[in-house]
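Listed in TrEMBL for this protein:
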type	residues	note
ACT_SITE	B:ASP53	active site, nucleophile
BINDING	B:TYR111	substrate binding site
DOMAIN	B:8-105	domain 'Pseudouridine synthase I TruA alpha/beta'
DOMAIN	B:144-246	domain 'Pseudouridine synthase I TruA alpha/beta'
2 protein chains.
Amino acid sequence: MQKLKCIIQYDGTAFSGYQVQPNGRTIQAEIEAVLSKMHKGEVVKIIASGRTDAGVHAVGQVIHFTSDLNIPLDGWKRALTAMLPADIRVADVHYANADFHARYDTTGKEYRYKVLNQTEADLFRRHYSYHVPQPLNIEAMRKACDYLEGEHDFTSFCSARTTVKGDKIRTITKAGIVVEGNELTFIFRGTGFLYNMVRILVGTLLEIGNGEHEPEKIMEMIRARDRSAAGKTAPPHGLFLWQVFY
Amino acid sequence: MQKLKCIIQYDGTAFSGYQVQPNGRTIQAEIEAVLSKMHKGEVVKIIASGRTDAGVHAVGQVIHFTSDLNIPLDGWKRALTAMLPADIRVADVHYANADFHARYDTTGKEYRYKVLNQTEADLFRRHYSYHVPQPLNIEAMRKACDYLEGEHDFTSFCSARTTVKGDKIRTITKAGIVVEGNELTFIFRGTGFLYNMVRILVGTLLEIGNGEHEPEKIMEMIRARDRSAAGKTAPPHGLFLWQVFY
(Lines of atoms letter the chains of each structure in order from A; the text may use other names.)
(Lines give C-alpha, C1' and ligand atoms only; values in the text may rest on other atoms or scores of the structure.)
Protein backbone atom coordinates (compact mmCIF):
# COMPACT_ATOMS: atom_id res chain seq x y z
CA MET A 1 0.00 0.00 0.00
CA GLN A 2 1.23 3.45 -0.91
CA LYS A 3 -0.08 6.76 0.44
CA LEU A 4 -0.37 9.48 -2.19
CA LYS A 5 -0.68 13.24 -1.71
CA CYS A 6 -2.11 15.23 -4.64
CA ILE A 7 -2.32 18.95 -5.24
CA ILE A 8 -5.57 19.53 -7.07
CA GLN A 9 -7.17 22.51 -8.74
CA TYR A 10 -10.79 23.05 -9.59
CA ASP A 11 -13.13 25.55 -11.13
CA GLY A 12 -15.93 25.56 -8.54
CA THR A 13 -18.52 27.07 -10.90
CA ALA A 14 -20.34 23.86 -11.81
CA PHE A 15 -19.99 22.11 -8.44
CA SER A 16 -22.26 22.00 -5.39
CA GLY A 17 -19.08 22.16 -3.31
CA TYR A 18 -16.21 19.89 -2.37
CA GLN A 19 -17.89 17.36 -0.12
CA VAL A 20 -20.05 14.45 -1.28
CA GLN A 21 -23.75 15.15 -0.77
CA PRO A 22 -26.96 13.45 -1.89
CA ASN A 23 -27.80 15.97 -4.64
CA GLY A 24 -25.47 17.84 -6.92
CA ARG A 25 -22.06 17.31 -8.45
CA THR A 26 -19.12 17.46 -6.01
CA ILE A 27 -15.36 17.45 -6.39
CA GLN A 28 -14.89 14.63 -3.91
CA ALA A 29 -17.39 12.39 -5.72
CA GLU A 30 -15.79 13.03 -9.13
CA ILE A 31 -12.30 12.15 -7.89
CA GLU A 32 -13.48 9.10 -5.94
CA ALA A 33 -15.36 7.85 -9.00
CA VAL A 34 -12.19 8.04 -11.12
CA LEU A 35 -10.10 6.33 -8.42
CA SER A 36 -12.72 3.62 -8.07
CA LYS A 37 -12.59 3.04 -11.83
CA MET A 38 -8.78 2.75 -11.65
CA HIS A 39 -9.14 0.23 -8.79
CA LYS A 40 -11.59 -2.05 -10.61
CA GLY A 41 -14.65 -0.79 -8.80
CA GLU A 42 -13.13 -0.88 -5.32
CA VAL A 43 -14.15 2.12 -3.14
CA VAL A 44 -11.25 4.56 -2.64
CA LYS A 45 -11.89 7.32 -0.09
CA ILE A 46 -10.01 10.61 -0.38
CA ILE A 47 -9.33 13.06 2.44
CA ALA A 48 -8.91 16.78 1.67
CA SER A 49 -7.34 19.58 3.72
CA GLY A 50 -10.88 20.90 4.18
CA ARG A 51 -14.12 21.53 2.32
CA THR A 52 -14.92 24.38 -0.02
CA ASP A 53 -18.42 25.68 -0.74
CA ALA A 54 -20.34 25.72 -4.02
CA GLY A 55 -18.76 28.16 -6.49
CA VAL A 56 -15.45 28.38 -4.58
CA HIS A 57 -12.33 27.55 -6.59
CA ALA A 58 -9.05 25.87 -5.67
CA VAL A 59 -5.56 26.39 -7.02
CA GLY A 60 -3.80 24.32 -4.35
CA GLN A 61 -6.24 22.01 -2.57
CA VAL A 62 -4.48 18.96 -1.10
CA ILE A 63 -5.92 15.46 -0.84
CA HIS A 64 -4.54 12.08 0.19
CA PHE A 65 -5.55 8.48 -0.45
CA THR A 66 -3.96 5.05 -0.32
CA SER A 67 -3.59 2.63 -3.21
CA ASP A 68 -2.06 -0.74 -3.99
CA LEU A 69 -1.64 0.10 -7.67
CA ASN A 70 1.91 0.09 -8.95
CA ILE A 71 2.00 3.30 -10.99
CA PRO A 72 4.89 5.83 -11.14
CA LEU A 73 4.11 9.42 -10.01
CA ASP A 74 3.89 10.93 -13.49
CA GLY A 75 1.65 8.02 -14.51
CA TRP A 76 -0.74 8.92 -11.67
CA LYS A 77 -0.81 12.54 -12.79
CA ARG A 78 -1.41 11.60 -16.43
CA ALA A 79 -4.09 8.99 -15.67
CA LEU A 80 -6.04 11.21 -13.26
CA THR A 81 -5.86 14.25 -15.56
CA ALA A 82 -7.09 12.18 -18.50
CA MET A 83 -9.99 10.64 -16.58
CA LEU A 84 -11.16 13.63 -14.53
CA PRO A 85 -13.63 16.15 -15.99
CA ALA A 86 -12.21 19.37 -17.49
CA ASP A 87 -12.98 21.43 -14.38
CA ILE A 88 -10.70 19.41 -12.07
CA ARG A 89 -6.94 19.19 -12.60
CA VAL A 90 -4.20 17.33 -10.79
CA ALA A 91 -1.29 19.75 -10.54
CA ASP A 92 1.09 17.41 -8.70
CA VAL A 93 1.30 13.95 -7.16
CA HIS A 94 3.76 12.99 -4.40
CA TYR A 95 4.40 9.94 -2.25
CA ALA A 96 3.46 10.66 1.37
CA ASN A 97 4.53 9.02 4.62
CA ALA A 98 2.15 6.36 5.89
CA ASP A 99 1.03 8.68 8.73
CA PHE A 100 0.42 11.79 6.58
CA HIS A 101 -3.11 13.20 6.91
CA ALA A 102 -4.27 15.96 4.53
CA ARG A 103 -6.64 17.47 7.10
CA TYR A 104 -5.06 16.93 10.52
CA ASP A 105 -1.50 17.80 9.48
CA THR A 106 -2.19 21.25 8.00
CA THR A 107 -0.23 24.03 9.69
CA GLY A 108 -1.87 26.82 7.73
CA LYS A 109 -3.69 27.89 4.57
CA GLU A 110 -3.69 30.75 2.12
CA TYR A 111 -6.91 32.00 0.54
CA ARG A 112 -7.20 34.65 -2.15
CA TYR A 113 -10.31 36.59 -3.07
CA LYS A 114 -10.58 38.50 -6.36
CA VAL A 115 -12.61 41.67 -6.77
CA LEU A 116 -13.09 43.42 -10.09
CA ASN A 117 -13.44 47.08 -9.22
CA GLN A 118 -14.70 48.91 -12.31
CA THR A 119 -18.01 50.35 -13.47
CA GLU A 120 -18.72 47.74 -16.13
CA ALA A 121 -18.94 44.00 -15.47
CA ASP A 122 -16.50 41.71 -17.29
CA LEU A 123 -18.34 38.80 -18.86
CA PHE A 124 -15.24 36.64 -19.10
CA ARG A 125 -14.34 36.97 -15.43
CA ARG A 126 -17.86 36.64 -14.03
CA HIS A 127 -17.18 33.23 -12.44
CA TYR A 128 -13.74 34.15 -11.09
CA SER A 129 -14.09 37.58 -9.49
CA TYR A 130 -16.67 39.60 -7.60
CA HIS A 131 -17.71 42.71 -9.51
CA VAL A 132 -17.85 45.82 -7.30
CA PRO A 133 -18.80 48.87 -9.37
CA GLN A 134 -18.47 51.59 -6.71
CA PRO A 135 -15.02 53.14 -6.04
CA LEU A 136 -13.07 51.60 -3.15
CA ASN A 137 -10.59 53.21 -0.78
CA ILE A 138 -7.68 50.79 -0.95
CA GLU A 139 -5.69 52.49 1.78
CA ALA A 140 -8.58 52.24 4.26
CA MET A 141 -8.98 48.51 3.49
CA ARG A 142 -5.23 47.96 3.87
CA LYS A 143 -5.29 49.67 7.27
CA ALA A 144 -8.11 47.35 8.36
CA CYS A 145 -6.08 44.36 7.08
CA ASP A 146 -3.25 45.39 9.41
CA TYR A 147 -5.64 45.21 12.38
CA LEU A 148 -6.71 41.70 11.34
CA GLU A 149 -3.21 40.24 11.53
CA GLY A 150 -2.39 38.38 14.73
CA GLU A 151 -4.31 36.09 17.09
CA HIS A 152 -7.97 37.01 17.58
CA ASP A 153 -11.28 35.45 18.48
CA PHE A 154 -12.99 35.50 15.06
CA THR A 155 -16.50 34.59 16.26
CA SER A 156 -17.87 37.71 14.50
CA PHE A 157 -16.41 36.43 11.22
CA CYS A 158 -17.80 32.91 11.41
CA SER A 159 -21.07 31.77 9.84
CA ALA A 160 -23.74 30.79 12.36
CA ARG A 161 -23.98 27.52 10.41
CA THR A 162 -20.54 26.44 11.65
CA THR A 163 -20.07 22.99 13.19
CA VAL A 164 -16.92 24.04 15.10
CA LYS A 165 -17.30 23.12 18.73
CA GLY A 166 -14.04 24.46 20.18
CA ASP A 167 -12.97 28.09 20.43
CA LYS A 168 -12.88 30.45 17.48
CA ILE A 169 -9.44 31.87 18.15
CA ARG A 170 -7.31 31.82 15.03
CA THR A 171 -4.12 33.52 13.91
CA ILE A 172 -3.95 35.48 10.66
CA THR A 173 -0.29 35.69 9.75
CA LYS A 174 -0.86 37.84 6.68
CA ALA A 175 -3.75 39.96 5.41
CA GLY A 176 -3.13 42.20 2.42
CA ILE A 177 -4.39 43.49 -0.92
CA VAL A 178 -2.56 43.32 -4.24
CA VAL A 179 -3.79 45.74 -6.92
CA GLU A 180 -3.32 44.96 -10.63
CA GLY A 181 -5.22 47.40 -12.82
CA ASN A 182 -8.85 47.17 -11.75
CA GLU A 183 -8.43 43.80 -10.08
CA LEU A 184 -7.91 43.62 -6.32
CA THR A 185 -6.65 40.38 -4.81
CA PHE A 186 -7.24 40.01 -1.08
CA ILE A 187 -4.68 37.61 0.41
CA PHE A 188 -5.20 35.89 3.77
CA ARG A 189 -2.75 33.49 5.30
CA GLY A 190 -3.39 31.91 8.67
CA THR A 191 -3.25 28.90 10.95
CA GLY A 192 -6.89 28.05 10.33
CA PHE A 193 -10.08 29.57 9.03
CA LEU A 194 -13.64 29.30 10.30
CA TYR A 195 -16.72 28.61 8.16
CA ASN A 196 -17.19 31.48 5.65
CA MET A 197 -14.49 33.46 7.46
CA VAL A 198 -12.66 34.73 4.37
CA ARG A 199 -15.90 35.72 2.63
CA ILE A 200 -17.11 37.60 5.73
CA LEU A 201 -13.70 39.29 6.08
CA VAL A 202 -13.86 40.42 2.45
CA GLY A 203 -17.49 41.55 2.75
CA THR A 204 -16.52 43.62 5.81
CA LEU A 205 -13.40 45.06 4.19
CA LEU A 206 -15.47 46.14 1.17
CA GLU A 207 -17.82 48.03 3.52
CA ILE A 208 -14.75 49.81 4.88
CA GLY A 209 -13.56 50.41 1.32
CA ASN A 210 -16.78 52.11 0.31
CA GLY A 211 -16.79 54.33 3.38
CA GLU A 212 -19.55 52.66 5.43
CA HIS A 213 -17.12 52.16 8.32
CA GLU A 214 -13.74 53.51 9.40
CA PRO A 215 -10.86 50.98 9.32
CA GLU A 216 -10.65 51.04 13.14
CA LYS A 217 -14.22 49.73 13.35
CA ILE A 218 -12.89 46.25 12.52
CA MET A 219 -11.32 45.97 16.01
CA GLU A 220 -14.69 46.72 17.55
CA MET A 221 -16.28 44.06 15.34
CA ILE A 222 -13.72 41.49 16.50
CA ARG A 223 -14.34 42.40 20.17
CA ALA A 224 -18.12 42.02 19.72
CA ARG A 225 -17.81 38.22 19.14
CA ASP A 226 -21.13 38.37 17.35
CA ARG A 227 -21.69 37.57 13.65
CA SER A 228 -24.14 40.47 13.32
CA ALA A 229 -21.38 42.97 14.22
CA ALA A 230 -19.41 42.21 11.04
CA GLY A 231 -20.24 42.89 7.38
CA LYS A 232 -21.99 40.88 4.68
CA THR A 233 -20.66 37.58 3.36
CA ALA A 234 -19.02 38.19 -0.04
CA PRO A 235 -20.19 35.78 -2.78
CA PRO A 236 -18.32 32.49 -3.28
CA HIS A 237 -17.15 32.94 -6.88
CA GLY A 238 -14.30 35.38 -6.03
CA LEU A 239 -12.73 32.92 -3.57
CA PHE A 240 -9.77 30.63 -4.24
CA LEU A 241 -8.18 28.14 -1.83
CA TRP A 242 -4.67 29.08 -2.89
CA GLN A 243 -2.24 26.97 -0.87
CA VAL A 244 -2.19 24.53 2.05
CA PHE A 245 0.81 24.36 4.35
CA TYR A 246 2.10 21.30 6.26
CA MET B 1 -40.17 53.52 -35.35
CA GLN B 2 -36.60 53.85 -34.13
CA LYS B 3 -33.59 51.89 -35.35
CA LEU B 4 -31.21 50.82 -32.59
CA LYS B 5 -27.61 49.69 -32.84
CA CYS B 6 -26.22 47.66 -29.93
CA ILE B 7 -22.70 46.56 -29.11
CA ILE B 8 -23.00 43.16 -27.52
CA GLN B 9 -20.60 40.81 -25.80
CA TYR B 10 -20.95 37.12 -25.20
CA ASP B 11 -19.18 34.17 -23.70
CA GLY B 12 -19.60 31.61 -26.49
CA THR B 13 -18.90 28.59 -24.25
CA ALA B 14 -22.49 27.52 -23.68
CA PHE B 15 -23.85 28.47 -27.12
CA SER B 16 -24.22 26.48 -30.34
CA GLY B 17 -23.20 29.65 -32.15
CA TYR B 18 -24.69 33.03 -32.99
CA GLN B 19 -27.37 32.11 -35.51
CA VAL B 20 -30.76 30.60 -34.71
CA GLN B 21 -30.87 26.88 -35.45
CA PRO B 22 -33.33 24.09 -34.68
CA ASN B 23 -31.27 22.53 -31.88
CA GLY B 24 -29.12 24.22 -29.29
CA ARG B 25 -28.99 27.55 -27.56
CA THR B 26 -27.99 30.51 -29.76
CA ILE B 27 -27.18 34.15 -29.07
CA GLN B 28 -29.64 35.41 -31.69
CA ALA B 29 -32.51 33.39 -30.20
CA GLU B 30 -31.79 34.59 -26.66
CA ILE B 31 -31.75 38.26 -27.67
CA GLU B 32 -34.82 37.95 -29.89
CA ALA B 33 -36.70 36.21 -27.05
CA VAL B 34 -35.96 39.13 -24.70
CA LEU B 35 -36.95 41.72 -27.33
CA SER B 36 -40.15 39.84 -28.06
CA LYS B 37 -40.99 39.87 -24.34
CA MET B 38 -40.38 43.64 -24.25
CA HIS B 39 -42.69 44.04 -27.28
CA LYS B 40 -45.60 42.09 -25.79
CA GLY B 41 -44.92 38.94 -27.76
CA GLU B 42 -44.39 40.63 -31.13
CA VAL B 43 -41.54 39.09 -33.16
CA VAL B 44 -38.47 41.36 -33.29
CA LYS B 45 -35.73 40.27 -35.71
CA ILE B 46 -32.15 41.29 -35.07
CA ILE B 47 -29.39 41.56 -37.67
CA ALA B 48 -25.76 41.06 -36.64
CA SER B 49 -22.53 42.09 -38.39
CA GLY B 50 -22.02 38.38 -39.06
CA ARG B 51 -22.27 34.96 -37.40
CA THR B 52 -19.86 33.38 -34.96
CA ASP B 53 -19.43 29.64 -34.43
CA ALA B 54 -20.09 27.55 -31.32
CA GLY B 55 -17.56 28.39 -28.60
CA VAL B 56 -16.44 31.66 -30.23
CA HIS B 57 -16.71 34.77 -28.03
CA ALA B 58 -17.52 38.40 -28.81
CA VAL B 59 -16.34 41.60 -27.15
CA GLY B 60 -17.73 43.94 -29.80
CA GLN B 61 -20.40 42.20 -31.89
CA VAL B 62 -22.85 44.71 -33.42
CA ILE B 63 -26.56 44.12 -33.99
CA HIS B 64 -29.45 46.31 -35.12
CA PHE B 65 -33.23 46.12 -34.79
CA THR B 66 -36.18 48.47 -34.99
CA SER B 67 -38.67 49.21 -32.24
CA ASP B 68 -41.66 51.44 -31.57
CA LEU B 69 -41.02 51.42 -27.81
CA ASN B 70 -40.33 54.80 -26.27
CA ILE B 71 -37.34 54.02 -24.05
CA PRO B 72 -34.25 56.23 -23.52
CA LEU B 73 -30.87 54.72 -24.48
CA ASP B 74 -29.72 53.95 -20.94
CA GLY B 75 -33.11 52.37 -20.26
CA TRP B 76 -32.57 50.02 -23.21
CA LYS B 77 -29.16 49.06 -21.87
CA ARG B 78 -30.49 48.45 -18.38
CA ALA B 79 -33.57 46.50 -19.48
CA LEU B 80 -31.66 44.25 -21.90
CA THR B 81 -28.86 43.58 -19.41
CA ALA B 82 -31.38 42.69 -16.71
CA MET B 83 -33.37 40.34 -18.95
CA LEU B 84 -30.57 38.64 -20.89
CA PRO B 85 -28.79 35.56 -19.48
CA ALA B 86 -25.47 36.10 -17.66
CA ASP B 87 -23.39 35.07 -20.69
CA ILE B 88 -24.66 37.89 -22.95
CA ARG B 89 -24.06 41.56 -22.14
CA VAL B 90 -25.12 44.77 -23.85
CA ALA B 91 -22.09 47.05 -23.72
CA ASP B 92 -23.69 50.00 -25.50
CA VAL B 93 -26.89 51.12 -27.25
CA HIS B 94 -27.04 53.90 -29.87
CA TYR B 95 -29.69 55.35 -32.16
CA ALA B 96 -28.92 54.49 -35.78
CA ASN B 97 -30.02 56.10 -39.02
CA ALA B 98 -33.04 54.46 -40.63
CA ASP B 99 -30.83 53.02 -43.40
CA PHE B 100 -28.14 51.59 -41.12
CA HIS B 101 -27.50 47.87 -41.63
CA ALA B 102 -25.28 45.96 -39.18
CA ARG B 103 -24.15 43.46 -41.83
CA TYR B 104 -24.05 45.32 -45.14
CA ASP B 105 -22.50 48.51 -43.77
CA THR B 106 -19.42 46.96 -42.15
CA THR B 107 -16.14 48.32 -43.51
CA GLY B 108 -13.95 45.96 -41.50
CA LYS B 109 -13.55 43.76 -38.46
CA GLU B 110 -10.98 42.95 -35.84
CA TYR B 111 -10.60 39.45 -34.44
CA ARG B 112 -8.31 38.39 -31.63
CA TYR B 113 -7.17 34.87 -30.83
CA LYS B 114 -5.65 33.96 -27.46
CA VAL B 115 -3.05 31.24 -27.02
CA LEU B 116 -1.72 30.18 -23.63
CA ASN B 117 1.83 29.03 -24.31
CA GLN B 118 3.07 27.21 -21.21
CA THR B 119 3.63 23.59 -20.25
CA GLU B 120 0.72 23.34 -17.80
CA ALA B 121 -2.90 24.04 -18.70
CA ASP B 122 -4.72 26.82 -16.84
CA LEU B 123 -8.08 25.60 -15.59
CA PHE B 124 -9.50 29.10 -15.25
CA ARG B 125 -8.69 30.11 -18.82
CA ARG B 126 -9.68 26.84 -20.51
CA HIS B 127 -12.72 28.39 -22.24
CA TYR B 128 -10.95 31.62 -23.27
CA SER B 129 -7.58 30.58 -24.67
CA TYR B 130 -6.04 27.71 -26.61
CA HIS B 131 -3.41 25.88 -24.61
CA VAL B 132 -0.26 25.17 -26.64
CA PRO B 133 2.33 23.42 -24.46
CA GLN B 134 5.26 23.26 -26.90
CA PRO B 135 7.59 26.30 -27.21
CA LEU B 136 6.77 28.73 -30.04
CA ASN B 137 9.07 30.91 -32.10
CA ILE B 138 7.35 34.29 -31.84
CA GLU B 139 9.67 36.00 -34.31
CA ALA B 140 8.96 33.40 -37.01
CA MET B 141 5.21 33.82 -36.51
CA ARG B 142 5.53 37.63 -36.62
CA LYS B 143 7.44 37.37 -39.90
CA ALA B 144 4.63 35.24 -41.36
CA CYS B 145 2.10 37.83 -40.12
CA ASP B 146 3.92 40.47 -42.14
CA TYR B 147 3.44 38.38 -45.30
CA LEU B 148 -0.29 38.09 -44.57
CA GLU B 149 -0.91 41.81 -44.58
CA GLY B 150 -2.30 43.25 -47.81
CA GLU B 151 -4.76 42.05 -50.44
CA HIS B 152 -4.65 38.31 -51.16
CA ASP B 153 -6.83 35.51 -52.41
CA PHE B 154 -7.44 33.63 -49.14
CA THR B 155 -9.01 30.48 -50.67
CA SER B 156 -6.44 28.34 -48.83
CA PHE B 157 -7.61 29.84 -45.52
CA CYS B 158 -11.31 29.32 -46.04
CA SER B 159 -13.28 26.31 -44.81
CA ALA B 160 -14.64 24.09 -47.58
CA ARG B 161 -18.03 24.48 -45.86
CA THR B 162 -18.20 28.16 -46.92
CA THR B 163 -21.31 29.49 -48.62
CA VAL B 164 -19.44 32.43 -50.20
CA LYS B 165 -20.14 32.50 -53.94
CA GLY B 166 -18.00 35.45 -55.02
CA ASP B 167 -14.21 35.68 -54.95
CA LYS B 168 -12.13 35.04 -51.85
CA ILE B 169 -9.94 38.10 -52.18
CA ARG B 170 -9.74 39.99 -48.89
CA THR B 171 -7.44 42.62 -47.43
CA ILE B 172 -5.76 42.14 -44.07
CA THR B 173 -4.82 45.60 -42.86
CA LYS B 174 -3.09 44.37 -39.72
CA ALA B 175 -1.78 40.98 -38.55
CA GLY B 176 0.29 40.87 -35.39
CA ILE B 177 1.01 39.17 -32.08
CA VAL B 178 1.00 40.78 -28.63
CA VAL B 179 2.86 38.87 -25.92
CA GLU B 180 1.95 39.27 -22.25
CA GLY B 181 3.71 36.74 -20.07
CA ASN B 182 2.75 33.31 -21.42
CA GLU B 183 -0.31 34.61 -23.25
CA LEU B 184 -0.08 35.38 -26.96
CA THR B 185 -2.81 37.44 -28.58
CA PHE B 186 -3.02 37.18 -32.35
CA ILE B 187 -4.65 40.32 -33.79
CA PHE B 188 -6.19 40.41 -37.28
CA ARG B 189 -7.86 43.44 -38.75
CA GLY B 190 -9.27 43.37 -42.23
CA THR B 191 -11.99 44.34 -44.68
CA GLY B 192 -13.67 40.97 -44.44
CA PHE B 193 -13.02 37.44 -43.28
CA LEU B 194 -13.98 34.12 -44.82
CA TYR B 195 -15.51 31.17 -43.00
CA ASN B 196 -13.02 29.89 -40.34
CA MET B 197 -10.35 32.18 -41.83
CA VAL B 198 -8.95 33.46 -38.52
CA ARG B 199 -8.86 29.98 -36.99
CA ILE B 200 -7.05 28.58 -40.05
CA LEU B 201 -4.61 31.51 -40.03
CA VAL B 202 -3.83 30.87 -36.33
CA GLY B 203 -3.54 27.10 -36.87
CA THR B 204 -1.08 27.76 -39.70
CA LEU B 205 0.91 30.37 -37.76
CA LEU B 206 1.26 27.92 -34.86
CA GLU B 207 2.75 25.34 -37.26
CA ILE B 208 5.27 28.00 -38.27
CA GLY B 209 5.83 28.81 -34.58
CA ASN B 210 6.69 25.23 -33.72
CA GLY B 211 9.08 24.88 -36.64
CA GLU B 212 7.01 22.73 -39.01
CA HIS B 213 7.29 25.37 -41.72
CA GLU B 214 9.45 28.42 -42.47
CA PRO B 215 7.63 31.80 -42.32
CA GLU B 216 8.03 32.21 -46.08
CA LYS B 217 5.98 29.06 -46.65
CA ILE B 218 2.84 31.10 -45.95
CA MET B 219 3.19 32.90 -49.30
CA GLU B 220 3.28 29.56 -51.05
CA MET B 221 0.16 28.49 -49.14
CA ILE B 222 -1.67 31.64 -50.26
CA ARG B 223 -0.66 31.05 -53.90
CA ALA B 224 -1.90 27.43 -53.78
CA ARG B 225 -5.56 28.57 -53.39
CA ASP B 226 -6.31 25.21 -51.85
CA ARG B 227 -7.49 24.59 -48.29
CA SER B 228 -5.25 21.54 -47.97
CA ALA B 229 -2.14 23.71 -48.51
CA ALA B 230 -2.68 25.60 -45.21
CA GLY B 231 -2.49 24.41 -41.60
CA LYS B 232 -5.04 23.00 -39.19
CA THR B 233 -8.05 24.97 -37.97
CA ALA B 234 -7.35 26.21 -34.41
CA PRO B 235 -10.17 25.46 -31.92
CA PRO B 236 -12.99 28.01 -31.48
CA HIS B 237 -12.56 28.83 -27.78
CA GLY B 238 -9.51 31.08 -28.25
CA LEU B 239 -11.33 33.33 -30.74
CA PHE B 240 -12.95 36.69 -29.99
CA LEU B 241 -14.83 38.95 -32.41
CA TRP B 242 -13.21 42.07 -31.02
CA GLN B 243 -14.56 45.05 -32.98
CA VAL B 244 -16.68 45.83 -36.03
CA PHE B 245 -15.99 48.94 -38.11
CA TYR B 246 -18.53 50.99 -40.08
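Yeah, the Cβs are placed from backbone N, Cα and C, and that goes for glycine too.
It is 13 Å from the Cα atom of the residue listed as 'substrate binding site' to that of the residue listed as 'active site, nucleophile'. Per DSSP, the secondary structure of the domain 'Pseudouridine synthase I TruA alpha/beta' (B:8-105) breaks down as 26 helix, 27 strand, 45 coil.
According to DSSP, the domain 'Pseudouridine synthase I TruA alpha/beta' (B:144-246) comprises 35 helix, 31 strand, 37 coil. Scoring each of the recorded positions (B:ASP53, B:TYR111) by how many neighbouring Cβ atoms lie within 10 Å, the top position goes to B:TYR111. The secondary structure of the residue listed as 'substrate binding site', as reduced to three states from DSSP, is extended strand.
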